[in-house]
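Right, one structure below, let's go through it.
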Amino acid sequence: MSINRNLLNIIIILCICLNLGCNDGAQERETDSHTIQVSSLLPSSSSSCVLSPRASTTKSSLHVTHRHGTCSRLNNGKATSPDHVEILRLDQARVNSIHSKLSKKLATDHVSESKSTDLPAKDGSTLGSGNYIVTVGLGTPKNDLSLIFDTGSDLTWTQCQPCVRTCYDQKEPIFNPSKSTSYYNVSCSSAACGSLSSATGNAGSCSASNCIYGIQYGDQSFSVGFLAKEKFTLTNSDVFDGVYFGCGENNQGLFTGVAGLLGLGRDKLSFPSQTATAYNKIFSYCLPSSASYTGHLTFGSAGISRSVKFTPISTITDGTSFYGLNIVAITVGGQKLPIPSTVFSTPGALIDSGTVITRLPPKAYAALRSSFKAKMSKYPTTSGVSILDTCFDLSGFKTVTIPKVAFSFSGGAVVELGSKGIFYVFKISQVCLAFAGNSDDSNAAIFGNVQQQTLEVVYDGAGGRVGFAPNGCS
């Protein structure tokens, strides 16, 4: 009888093993990693553009295109080859500028009050590589213009005729305010002109009683011109009269191709603040993982996924353009990294649409790099590039198994990164971990746009929170 009972126990155990898996290590490797085709890491060679269904069907939604992709109006259906080293250089310039602005180390000298073309003082505003673009209608009649959208900037601006000193090369016709019946300049005695200090870091000045703005970016790009009000058209049903924007008559720098910038920051002159009665300071986006696909930028709460998990906006960025986050943990391959809570809580963190590579405090990055390399030990390493020091040569492999990486934020939001949110690919023989360490423990962490790809990212300015959900572009 005991033999039969023992046999029965063995059978039960075998059944459990077959159904649930008795090899914990094997199960952990399967569920805590991505196995993908190496070729899928490369940019698509397709010359066609796949439109995001979200942007095509959701109210108040715009298509988001990659600056170098086939979907961009700027490229006439042909992808352009980005200079990755230059992108990373500009990215570091942006990060340096963000950190300087947060630590209040940059000078905030005023724009000279003599001429509208005077170069403003360096103010700590941020540009970077400006990877993602939307098309917005400006004026009456409407002029469709391609603008970089940026959660780290407040003032929306575009190049305007006449170019008093210089304008950079722009693919679309430069906006001519004299041909718009809805354009008018703003007085230098207005409250909006007085708000320029907080929106741009430079006080407004006067030219024949008209308000002059000036903004200079961390890479020495700049725009100077008239603060004005104009009609903005997002969609046929989303039209706003009297939106404050900068009409730049002296513009220079690395904006080449685009008309200007759409400011999505937190200041009262930002686009979300100016349209708050319509959208309640809510907008969301999904950044496409491929340059041959579009994502979306949607204003208001329409179409936001019920699966979005929110985290409170932290106080670290109060008084700035930025949206702060509280990172509480990072996991690699299902294992929580041994990072003391003070590593993140002391400098704080923020999310930024314009920073490419996620930056972490030195101790946090060291823990991430060490764990990731250990789990990728079967793949040969190769030399790093610029700010990226952990790279792999995958040229001898058809598939690659990548440990999953997830970020946990206060409030219970957990963001698991897709495979394209983990790597920055130069070529198959040089596939790099898309994270970098800050130069100092006091510098804030920045959740960059490589890690945001394909996520639905929701900014609820009125509710003081940021949310995340997977599969945001579909």
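Cβ coordinates come from backbone N, Cα and C, glycine included.
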Bond partner of Cys432 - disulfide, per Swiss-Prot - picked from Cys391, Cys473: Cys391
Nearest of the recorded positions (Asp150, Asp352, Cys391, Cys432) to Asn443 (GPI-anchor amidated asparagine) - Cα to Cα: Asp352
Distance, Asp352 (active site) to Asp150 (active site) (CA atoms, angstrom): 8
Per-residue pLDDT averaged over the domain 'Peptidase A1' (132-469), given as an integer: 95
Other CB atoms, at most 10 A from the CB of Asp150 (active site): 25
Candidate with sparsest Cβ neighbourhood (10 Å radius) among Cys391, Cys432, the listed disulfide-bonded residues: Cys391
The one of Asp352, Asn443 whose CB sees the fewest other CB atoms within 10 Å, among these recorded positions: Asn443
